[in-house]
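Novice: Got a structure for you, questions after.
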Amino acid sequence: MNPVITIVGRPNVGKSTLFNRLTRSRDALVADFSGLTRDRHYGKGRIGERAFICVDTGGFEPVAKTGIVAEMAKQTKQAVAESDIVIFLVDGRLGMAPQDRVIADFLRKTGRPVILAVNKTEGMQSGIVTADFHELGLGEPFPISSAHGDGVKGLIDDALDSLGIAEPDEDELANDPNRPMKIAVVGRPNVGKSTLINKLIGEERVIAFDMPGTTRDAIEVPFERNGKPYILVDTAGLRRRGKVFEAIEKFSVVKTLQAIADCNVVILMLDAQQDISEQDAHIAGFIVEAGRALVVAVNKWDGLDAYVKERARLEIAQKLRFLDFANVHPISAKKGTGLKDLFKDVDAAYAAAMAKLPTPRLTRILQEAIEHQQPKRVGMGRPKLRYAHQGGMNPPIVVIHGTSLSGVTDSYKRYLEGRFRDVFKLRGTPLRIQMNTAKNPYVDADKGKKGKKH
C-alpha cells in the first residue's frame, strides 16, 4: 500500500506549493471534497519510482475553539491521525513563530513520525536559516524550496526511508499472472458497497479476513468465484459481524486511494436513485488517472420506472463521459440481480488491462489509421508517426515513434486510441498513448561542437 504523507504548518508557509510540486506527475490524483474534507486535499505523488499519497491541510491553529478555523484544525488532526509520516513545514524567511511551537507540541503528542522542513530557503545559507528551528526538538531541520524544488526529492526520500518500507515493483506484482486478481469496490457512502461485497463473496466462500491494525494495514478478503481465486481490497471500512461484513466506518479518501492503487480492477458503485455527485466524479477521476481497469455498477435499479432508468443512463453518459471505455451494469446488490454479467466484465476488463499487443500488429494499425486520417500540419510540416510498440500493461501503454510528434493533437491521440481499442477489443481499461520523438544525431553533434572550447 502506498504510504501516506501529510503536510502541516501554520498558514502561508507554502504547504500547497509543496503539495502541487509533489503531485504534478502524470498520475497525480488531486481532489478537494468540500464539506467532507474541508480544506484538505489528497493527491498521489511520485518521486522517481517511489509512489505515495500526499495530504495537504489547511493553515493549522490547533488551539482554535470555534468557527471555520476550528473546523480546519479538526480536519488537520484527522489527517495527521491517518498518516504514516508528517512533514511539518515552517517559513525560513519569517523565522520562528509562536504558532510553530504550539504545532510542534501537538505533533510530539500524536506519536507520528515527523520531519521538520524549513521552506523558502532559496538564496540563503541553510545553516543560518535553520538554526532557530532546532529548539522545536523535532530533529535536524531540512532546508527546502517548494517553489523552486530545491531539496524536495531529498526530503521525500528521507521521509520514505524513515518508514522502513521496502517499495515493491508495483507493475511487476500487478502483472504476475500467478497472483489472484485484486478487486476494489469503491463509491461514496451508502451506495451499497458492503451489500455487494457480501453478495460477491458469499458467506461460505470467505477464506480469511485480516482485521486492520495501523493505517497501512490493508483489509484484504480472499475469496473464490466459479473456482477462481480473487482478493477483495476493502474501502468500505468493513468489520466481521457473525457471517457477514458491515460497513461501520465513515468514507475515507485515503482508504479509497490506497485501494485503487493496490488493485487490478475497480468496481465503481453508483446509486440509481440519486444524481451523480461531484464526489462520484472525483472517485472516477482517481480511477482513470491511476490507470485501473474499471466496471461501473449502478445499484438499486430494481423497482425504478422506465423514465427514471433512462434519466439515470443519460446522466451517467453526460457527467461521467470520460468513463466511456468502461461497461455500465444496472444491478441490485440486495437481490443479487445483474451480478453474473458484472463479474464477467470484471474478468474481461482485467484481461484487457493485461493484454499483450504485438509490435507488428500495432504498427500496421497505426499505418492504417494514418492512411485513413493524417495528423494535422504543424507549420510547414506534418508529424511523422513511423511505428508503435507496447510500453507497459495494467494499463496498456502504446509508444509511438517518429518525428515532430510534439505537434500531434490530443484529438488525434484520441482517434488513434479508438483505433487500437476497436482492433484489440480493449473494453474496460484505460489506454495510454505515449509519443517518442527520435533524436536527430546531426543536431546533437552540432550542439556538442558548439559546447567545446578551443
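Cβ atoms are placed via backbone N, Cα and C, with glycine included.
In case it helps, Swiss-Prot gives these features for our protein:
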type	residues	note
DOMAIN	3-167	domain 'EngA-type G 1'
BINDING	9-16, 56-60, 119-122	GTP 1 binding site
DOMAIN	181-354	domain 'EngA-type G 2'
BINDING	187-194, 234-238, 299-302	GTP 2 binding site
DOMAIN	355-439	domain 'KH-like'
Novice: Just the number: how many Å between the Cα atoms of G187 (GTP 2 binding site) and T121 (GTP 1 binding site)?
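Specialist: If we compare the Cα positions of G187 (GTP 2 binding site) and T121 (GTP 1 binding site), the gap is 42 Å.
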Novice: Show me the subset of G9, N12, T57, T121 whose Cα is within 10 Å of W301 (GTP 2 binding site); these are the binding-site residues I mean.
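Specialist: So the list reads none.
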Novice: Name the one residue among G9, N12, T121 whose Cα is closest in three-dimensional space to that of K193 (GTP 2 binding site); these are the binding-site residues.
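Specialist: So, of the listed binding-site residues, the one sitting closest to K193 (GTP 2 binding site) is G9.
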Novice: Would you pick out, from the binding-site residues N12, T57, the residue whose Cβ has the largest number of other Cβ atoms within 10 Å?
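Specialist: The residue with the densest Cβ neighbourhood is T57.
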Novice: Could you measure between N190 (GTP 2 binding site) and T121 (GTP 1 binding site) for me? Cα positions, answer in whole angstrom.
Specialist: 47
Novice: If you count other Cβ atoms within 10 Å of each one's Cβ, which of the binding-site residues T121, N190 has the most?
Specialist: T121
Novice: Tell me whether G9 (GTP 1 binding site) sits in a helix, a strand or coil according to DSSP.
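Specialist: Its secondary structure by DSSP: coil.
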Novice: Restricting to the domain 'EngA-type G 2' (181-354), what is the model's mean pLDDT?
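Specialist: Taking every residue in the domain 'EngA-type G 2' (181-354) and averaging pLDDT yields 79.
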